Amino acid sequence: MMTSNILSRFLPPNGSPSVYETIRNHDATSDSSDVEERAGLTLEDGPGEHYSDRELEDAMADAGRSRLLDRDDAFISRRSPRKASVAGPSKSNSRRRHFSRPRWAHDASPSHDFEDGDDDVPASLLVEGHHDDDELKSRLPPPPTSHITPDDRQPSRPGPSTRGVRGRGRAAKEQQPLHHADRRRAPAVRWSLGQPNLNTVDPKEKAMWMWANVENLDNFLKEVYTYFLGNGIWSILLNRVLSLLTFAFVVGFSTFLTNCIDYHKVRGSKSLNDILIKQCTTKMSLSSTFLLWLLTLFWIGKAFQCLLDIRRLKHMHDFYYYLLGVSDTDIQTISWQEIVSRLMTLRDANPATAGAVSARHRKFMGSQSKQRMDAHDIANRLMRKENYLIALINKDILDLTLPIPFLRNKQLFSRTLEWNINLCIMDYVFNEQGQVRTLFLKDTHRKALSEGLRRRFIFAGIMNIFVAPFIVVYFMMHYFFRYFNEYKKNPSQIGSRQYTPLAEWKFREFNELWHLFERRINMSYPFASRYVDQFPKDKTVQVAGFVAFVSGALASVLALASIVDPELFLGFEITHDRTVLFYLGVFGSVWAVARGLVPEETTVFDPEYALLEVINYTHYAPSHWKGRLHSDEVRREFTELYQMKIVIFLEEILSMIFTPFILWFNLPKCSDRLIDFFREFTVHVDGMGYLCSFAVFDFKKGTNVINQGDRRDPARQDLRADYFSTKDGKMLASYYGFLDNYGANHRGSHPATRRQFYPPPAFPTLGSPPAGEMGTIGDRLDQTQTRHGLAGPFMGQQSVFGPSRYGLTGLGDHASPAPSILLDPHHQPSTSGFRGTSRAAGVQRYRSSRAHPPISGTIADGDESPVATGRSDPSRPAANAAGASSAGGVGTSDSNLGDSWRMNLVEDGDDDNTEGGENVDAIAGGAGVLGLIQQFQRVNKDSRGRTAVGL
């Protein structure tokens with residue numbers, strides 16, 4: 001008794017099961033056909049049985065044949081109920097009848113009867129009724145012709161039926177069968193994928209059959225996209241084979257260098273045989289032998305997996321070639337937009353509708369994900385997990401700082417840490433079908449899920465300690481073998497830079513596929529390098545110039561002496577055991593590195609313009625950068641995201657040491673926020689499942705869904721709107737970027753908004769304004785956004801719940817998007833969403849620091865500019881937008897917008913006065929402040945008879 005009491009203090013109570021057991025029980029008891037519950041793609045009639053599209057297609061075909069039945073046979077069958085009752089059990093128990101009857105025609109279990117009650121149409125109005133309805137069973141279509149047994153093929157005939165007659169008939173059929181037995185077993189071949197006869201089927205028909213029987217569309221589209229990125233079956237197989245050979249070479253050559261050479265004999269030996277260790281593998285240490293066997297088993301497993309994937313790659317090749325019409329030679333040059341267009345064409349060519357199926361199966365077919373498969377849906381499926389990670393990085397929910405006293409402000413996000421985050425968080429939140437577990441969408445299990453996530457972080461940190469040494473050794477050897485020769489030939493490449501993994505996740509937008517993001521980022525590299533070189537490093541340049549001069553002079557003298565007498569001088573030792581060739585290599589490398597630090601003499605320094613060009617491609621510009629693009633603080637922050645390759649590699653190596661500490665101390669503190677994040681930023685889309693709320697674009701509302709906040713007083717912002725919004729305009733930039741990639745021209749973006757790529761010039765070109773004429777940063781941003789048609793770099797926060805923190809930029813001048821053939825009708829962008837955007841706010845957003853006088857004091861002269869009058873009343877955005885749309889229409893400019901607010905009295909003419917009065921009456925409803933002001937001005941006009949000023 002005492003022992004049990006002691007153990008009960010340490011062991012968990014029986015009433016609190018593990019969170020993993022709760023998740024497994026919840027997944028096991030959930031109905032897989034319920035999209036709201038599991039968002040799955042299969043429908044089970046019983047344990048282990050799955051409905052396929054082929055069975056539904058046969059059901060539809062059988063329904064068509066049932067209309068051709070003879071009415072006399074139907075009438076006779078109703079006149080002999082006793083005969084049917086006698087023969088029924090024997091046929092139902094036969095094996096042949098089991099194959100001929102579709103599984104969807106079986107009696108439904110009572111546990112599923114409640115699903116039909118969820119339909120919008122009452123059961124009394126449905127043609128099919130319920131599963132257990134006898135009338136429905138009588139109207140079920142007959143089995144296919146090839147499935148009918150010989151007994152079923154013979155129609156019933158009137159006449160007496162006795163046991164003797166039936167016995168003689170059966171004996172005659174056994175002696176002389178009317179139909180061969182093979183014809184009765186033939187249909188079983190079509191229902192099984194593993195039958196040998198499937199190899200003789202037409203490849204196009206087989207590809208169509210596999211497309212019709214896709215159960216998990218997320219996994220299928222990932223295979224389609226991976227095949228597209230791999231450039232075909234042969235390129236994928238070649239890449240995998242070369243990867244296996246590279247792994248084997250690195251492991252084998254490293255083992256040879258560390259265990260098979262006696263380095264003590266190198267100095268006095270003259271051949272390789274003198275320093276080789278005979279039978280070195282038998283003399284290896286126990287740890288080296290264990291590691292070698294472990295890597296060998298891993299290599300064998302990868303090779304076996306590569307062999308198994310050949311069949312799957314062949315199926316994907318047939319899908320591309322026969323259904324999409326894309327060969328392996330064309331897949332390297334075709335665009336992804338064209339692939340999406342052909343997928344939508346294939347979807348539209350194979351409708352999955354039927355009129356002779358039950359309500360439950362119609363509901364299943366209506367929720368098939370293949371009906372929701374345009375560019376927006378495909379991107380959401382492919383990036384279902386990545387969109388959440390983009391939002392996590394954007395909202396700074398993950399604490400990635402190093403838990404070290406002198407490095408607490410340093411963020412570390414490497415590929416190793418990214419892999420651990422996917423393992424601990426994504427695999428915990430998502431189930432096997434790739435959907436968010438509904439358990440995370442309920443706040444009742446918040447504490448248990450948070451504790452489970454903490455334990456996963458701690459366990460992953462412990463596992464990293466055991467795995468890190470092996471990974472460090474492999475990556476160091478691989479990096480050395482790959483880049484040493486490149487650095488030896490071109491030493492200046494040591495200083496080459498690259499975006500860090502954290503920068504890539506900061507720059508990547510929602511629903512932006514990897515190849516589109518990679519293309520956009522690659523185009524920014526020349527401008528990023530130019531920006532980093534823009535800052536004059538006067539002290540560094542002077543020292544580097546001196547070092548380059550000295551090293552170059554010494555290398556020149558040695559090279560000249562070698563040319564004069566090469567045979568004598570090349571073997572000449574300058575120091576002990578150091579010849580001229582050695583010092584030529586040393587001085588040449590020092591000169592190359594120092595010369596690379598010295599900029600060209602003709603370089604024009606303009607860091608603001610260079611960074612603006614970078615922002616045009618990265619779409620990343622925090623709000624605190626505004627007005628400070630020339631500062632050294634912004635440069636240091638940008639260089640943290642754009643570091644040298646050698647530094648990134650060292651961080652990857654060091655991250656294998658520091659990752660366990662981040663997993664132990666930092667990330668467990670974020671577990672509560674992570675659980676809340678997935679619960680609060682997950683929405684359900686019919687036919688697709690659960691998605692990140694930021695990745696579901698509202699095309700109908702356009703940019704009007706993003707409200708503009710008061711930039712003058714950030715303290716007045718709604719905290720709830722701040723919480724439910726993205727930082728730095730991420731959602732709006734993603735929206736515009738998506739429309740740019742999948743615009744009206746599906747082979748590229750719209751020609752009007754597409755910007756051609758040019759390498760960065762050494763100085764501002766004719767198309768680039770000089771430094772003296774570029775004006776303030778606000779004007780330059782306005783010019784950049786107008787020229788490129790992209791979302792402004794300083795977009796602040798936007799939310800679907802409330803006003804944003806900072807004013808949006810780049811919206812007023814953005815053209816209304818044209819309809820796209822890559823989007824379904826419910827995803828077509830609405831021009832009204834762009835028409836309603838207030839352009840007065842676009843004029844105001846860069847001049848918000850100027851105080852706005854009250855309305856009572858806005859008495860302007862007649863020659864005042866329309867823009868100034870357009871900014872006279874920022875307190876009425878609704879009336880401003882309405883006035884702009886009524887007077888200027890869709891394409892009105894800022895000057896027209898200002899005119900729409902003016903009450904022209906004499907000089908503008910009677911027509912303008914009448915139109916302006918009618919528009920204001922329509923807006924203000926004939927009363928209110930605007931109506932009183934208009935009446936007051938008309939009274940002044942009639943009484944004084946002279947020109948009044950505009951409002």
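Just so you know, glycine gets a Cβ as well, placed from its N, Cα and C.
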- Message: Can you tell me if Swiss-Prot, going by its topological domain labels, places Asp274 on the same membrane side as Pro829?
- Response: no
- Across the topological domain 'Lumenal' (564-578), DSSP yields 5 helix, 4 strand, 6 coil
- Any idea what the model's mean pLDDT is for the topological domain 'Cytoplasmic' (1-240)? 54
- Residues sitting near the transmembrane segment (241-261): Cβ under 8 Å, six or more positions beyond its termini, same chain? 275-277, 280-281, 283-284, 288, 292, 295, 299, 302-303, 306, 473-474, 477-478, 481
- the topological domain 'Lumenal' (262-289): which same-chain residues, six or more beyond its ends, come within Cβ distance under 8 Å? 255-256
- Item | Folded-back contacts onto the topological domain 'Lumenal' (564-578), same chain, C-beta under 8 angstroms, at least six residues removed | none
- Note on the structure: Checked against DSSP, the composition of the topological domain 'Cytoplasmic' (478-542) is 48 helix, 3 strand, 14 coil
